[in-house]
Structure formats: structure tokens, C-alpha cells
Amino acid sequence: MKLFTAFKLACYGLWSNRFRVLSAMMGVVIGMFAVIVLTAIAIGVKDTLMKQMGSLGAEQILVLPGRVLDTANGQKDLLSGLTNVPSTLTYEDAKAIQDVPNVKSVTPQLETITIAQYDERNVQSVLVGTSDQYSRIQHADLSEGRFFTKEEQEEEARVIVLGNNIHEALLGKQEVPVEDEGSSDDAQQTKPIWKKVLDKLLGESASAEETSLVGKQVTINEETYEVIGVLAPNATLGSSTDNNIMLPIETALATTDMKNLTKMIVESASIQAVDEVDGAVFNAIKAQHSEIDFSVVKQDQMLGALGKVTSILQMMLFGITVTALLISGTGIMNVMVMSVRERTREIGIRKALGATTSEIMGQFFFETLLLCCIGGAVGIGLGYAFIEVWNNNIEIFALVLPMWAVKLALYTTFGIGSLFGIYPALKAARMKPSNALRFE
Amino acid sequence: MIELRDVRKFYRSGSGKAEILRGVNLRVEPGEYVAIMGKSGSGKSTMLNLLGTLDLLDSGTYELAGKSVHKMSRGRRARLRNEEVGFVFQHFQLIPNLSVYQNVLLPLTYGRKRLRRKKSRVLALLDEMGISNKKNQKPDRLSGGEKQRVAIARALVNEPRLILADEPTGSLDEETTESILKLFDRVHKNGATIIVITHDIEVAERAERILYLQNGVLV
């Protein structure tokens, strides 16, 4: 069989039925677009979470409220064990850990939702009482000012460090959740949408004159605090500091009703000492508690649990992808079978003019294959464009498109085209020319 | 050119079989112009399908251009059809999505003949048929006469030795019929063997020999 002839005829065939072909191709385009985008989301989420967990450092140990169950092989089952229990961890536990040999630092965290007020602007935020080590442990860089010192922590100084979103919102530069009750920010609330958009486009704001709150006083729960620093933006999944307000833990304990820690990050003096510190930390807290209502988790255990979560996510995406491809493949096959039926007389004419069974089969096979490959390429291109647009405009996490996913998508379109092209091609090729010519 | 011996053809009809051709014998010499007439349902179209190798006979023998068609594989029959037979149908049977030029080119696409100048061959034929100005148009923009001229050009493009025409003027008015029949005369003069299946006596009278198909037998 002349492959080139069959290919050429398939091109003609597609071109002469281009409007029908376009609608058929949409199935593959959407299928491939879904494959590319879903893969990029899965890998992007996995990479981001792994990076965040990994950034804790191998020498770091997390102490969480609640009991983490052990699996059959003795590993901590973080997926089933982290229950929503009230925290019983206290600052005294943190102090006890500080005395454990080979512990370099302990970073306790008290967290609550609160309203911060500045210049009659109310902004909802997460108030985090912590130690002077927080910015180092969280890899949170400062865009302005400084973080509080150990001395300020011990002196219960009324100082705070603002997350980037909170700083912007208190300056009136950014829309954030605002408490309505007691709010006198009427001008901001009643401003029409078109004005807000215009302001955003022009980079103008009601409080555009003020560019920094460092050195200013912010009110939280009727207590006044001095802003000493602002964190640089770090929009990430889960543990962003953008919506936080950090203050020394001693100050938080003295000025708020927060008592129980949300978590503690314990830093071992060396990686070699992690296992020893892990056990010692557990024993130190156990000695302070009547029951084991806390968990001590190492970085590798967290990464393992995270790996399990992302594997489940990937399996789910794989299922969705296969379903999408099967649906688009079946759609293509149905369109091609309909096309064979519609073009029965044409097949009869071609056979009468001397086309062999293999030439007819080749033409219809290549038509399906081309349809899938062009649709696949368009879908991959659109997916790639979507990822580019996402990565250039959305900061929460980056979509990652590995080369293997593109190759897989291309091979899959080729596979779908081959698999679903066979039946319509056989159907067309087996027609008796005399019957096909009579077809109405 | 053609030799049919005791050819029989059956079609399934409900639970039984209907015998359409009941022992047909026919010999056509190269360059002959033959008309086959018969009433509707007499088996004319079945006869054309067998002669054009579009269908298989159930018994008997068929030789075309010295080759035993009844013994051939499907692929070899397709090749023989491409090289030796040109069809002209009553309803033209042009592919609607292809242009006039592409329709005429089609037999050359499937052919093994290595014609050096396929394009010039097609254009010359379109010129000969008087439709060269329509070469880029789709068939639905043509009149009946123009469509049949395209079909004739397509039948001749591969230089076949046998032209099979099934009611070639059945869809045409008197004036167009005459011009198409003149074309057939010209093709015949150039040496092609022509078999016309028709129920129109005026069309049949242009042939050198008229045969009648009655009850599945040629008389």
C-alpha cells in the first residue's frame, strides 16, 4: 500500500470535511488540555508542598497537639492520626524541651484569629505568638524593619511584625476580609467597583500617601502595639505568613487569652542527633502530661505522609485523565463511524475508481490519527498557554509541566488515534463497492 | 476484450434466493460499442457491476483483457478496475467535497501508472470536455451536462480500454444527451471499448450492437 497516498488522501478528507472535523477535534483538544493542566496541577501542588515541608530542614522536629497513630509497620500514620483535638501543649512544655540535650532551638507558636485596627481600618488576621527564631525557621524574609529580639520577647514588649497582606490592607492598598461590626471604613466600603478597579489600575489609593506602618501603632483587642517590621510576601500553599501578625510569645500570653500552643518546631543541634532528640523531646513532654495527647514528628515522616497524599491525588488525577481520554476517544470513534456512514457512497466511488481495501482503510485510519494528533497538539498548546498565564499571574503555587507529561500526552493522542481509528477504518474498507454506490 | 460464460448471479431475497442472471454468455471484441437494454429489474445494473468487477459472479467465468476476473483476489480486481475500466454513472457519482479537477485526478491517485504529467493530462481532458473553466468548482455548482462531462473525463483519465456507462443520459435533457452521446462517439473512435446499459432506444442505437436482457438472459 502506498502509505503516502493514504496519508495525502486523509489530509484531503479532513480538509474537505473541516467543519465536522473541528467539532470532532474538540473532544481531543479538551481531553489533552485536561491531561496537561491536571498533571501540572498535581505536580505543582506536590512540588510546592514538598518544598515547604523540605524547607523545615532535616534537623527539625514538629510537635503537634493530638495523637498520631502508628501504622502496622511502626511508621507514624499522619493521615489518620491527626485529629481535631483541643491543644494541651503549653509554653511550659516548650521551656522543658529547651533543656533537652542537643536541642538547638524551640519555636513555639500560639495562634488565634483577631482583628487588627489602624486608622479606622479593621483587618482580620492570624495573630501568632512566637519566639525570636520564627523568621529564621519559617524562612520569612523582612521587607522592612526588623524582627523582635530575645530581649523584647522576655520583656513582653508590645511590638508586632506584620505579614505582607495585613500591612497592605491596614494601609488601605489591598482588599482583605474586614469585620463589618464597628467598622467606620465607609468610604472604602461604599466605593463603587469601577472606582476600585480604576484605583487599582492607576495604583492610587485613599491612603496612598502612607507607604509603611513601621514605627506606627496598631490596635489589637484594645491593646496597642508598635509595628517594628513587615515580612516580605511569601504566598504559598498552607503555611503562608502573609496574613499573620507576629508578636513575642510572652507578650501574647500576657495580653491575650491564648494559652495553648498550636505547634512547636524543635531544632536539633545536628542531623545525626535527630533520632535521639526526637525521643528525648517526646519524653520531656510526656513527663509534663498525664496522657500522650501530643505527637512528635520528624521531617522524613512528614514527607512520607505528604508523599502518600500526593500519590492519592495523582492516582485520582490519573483516573480522571484516563476517563477523559476514553470519552474523547470514543467520541472520535463515533464521529468517524458516522463519517464512514455519511461517506458510504464516496467510499463506493473510490472503490469503483480502483481504490484497494488497504487504501480505503489507510485513508480512514490516517484521518482518525491526524484528527487525534492535531487535536492533541492544540490541546497541549492550550494547556501550556494556560500554565504560562497561571504562573505569570497567580502566586499561590506554580504549575509544573514536566517534559514526560508532554511526551505522555503526545503518545496518548497517537495511541487513541490508532486504537479508535481501526474500527471505522475497517468498517469503511470492508464495504462492497456495488452496495456502497447504491447507498442513499 | 470481454468474455462471459454461463454467468449466474443470485441475491438473497427474504429466506430464499432470487436468480438475477441465469447463465449469461457474452463476448465483446476490443474497440466494440455495445448497448445492453432491458426493463427495470431485468438485471442490467447487476450486469454492469459484474462487468466492472464491482461485484462477484456466483458461477461461470469472466475474462477481462485476457485475465480471469472470477479467480482474482479483491486487491487484484481493484487494480484491474483502475487500469482497464472507466465508469460513467447515471447520477454522475462525483465526490461532492472535491473540486472538478480533484475528481478527475482521483483514478490517477489510486493507479500504478506512472504518468509523468498527471496535471497536464487532467487539464487536457477537461479542455477536451469543454469544462476547463470549471476545474476549481465543486460538483454542486455544475449543471447536469457539466457533471456528466466531468464523470466522462474521470472515466478516461487513466486511459482504460473499457468504458462502462450506466444510463449515462438518464438525468439529462435532450440537447445535453446529444452532446454527451457525441462525446461517446469520439471516445469510441479513439479505440475504446464501450458498453452502455440503457433503456433508451435512441441511446442504444448509437452503438454497433444492441443486446437485450430478458429474465436474466441476454438475447
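Yeah, the Cβs are placed from backbone N, Cα and C, and that goes for glycine too.
Predicted automatically and left uncurated, TrEMBL annotations should be read as such.
TrEMBL has this to say about the protein:
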TRANSMEM  A:21-45  transmembrane segment
DOMAIN    A:24-179  domain 'MacB-like periplasmic core'
DOMAIN    A:199-277  domain 'MacB-like periplasmic core'
TRANSMEM  A:315-340  transmembrane segment
DOMAIN    A:320-433  domain 'ABC3 transporter permease C-terminal'
TRANSMEM  A:361-387  transmembrane segment
TRANSMEM  A:399-423  transmembrane segment
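A Cβ distance under 8 Å defines the sequence-distant neighbours of the transmembrane segment (A:399-423), meaning residues of its chain 6+ beyond its ends; these are 28, 32, 35-37, 39-41, 43-44, 47, 325, 328-330, 332-333, 336-337, 364-373, 375-377, 379-380, 383-384, 387, 390-391.
Long-range contacts of the transmembrane segment (A:315-340) within the same chain, counting only residues at least 6 positions beyond its ends with a Cβ under 8 Å from a Cβ of the stretch, are 17, 20, 23-24, 27-28, 30-31, 34-35, 38-39, 41-42, 347, 364, 367-368, 371-372, 375, 412, 416-417, 419-421, 423-425, 427-428. Confidence in the domain 'MacB-like periplasmic core' (A:199-277), given as mean pLDDT, stands at 82.
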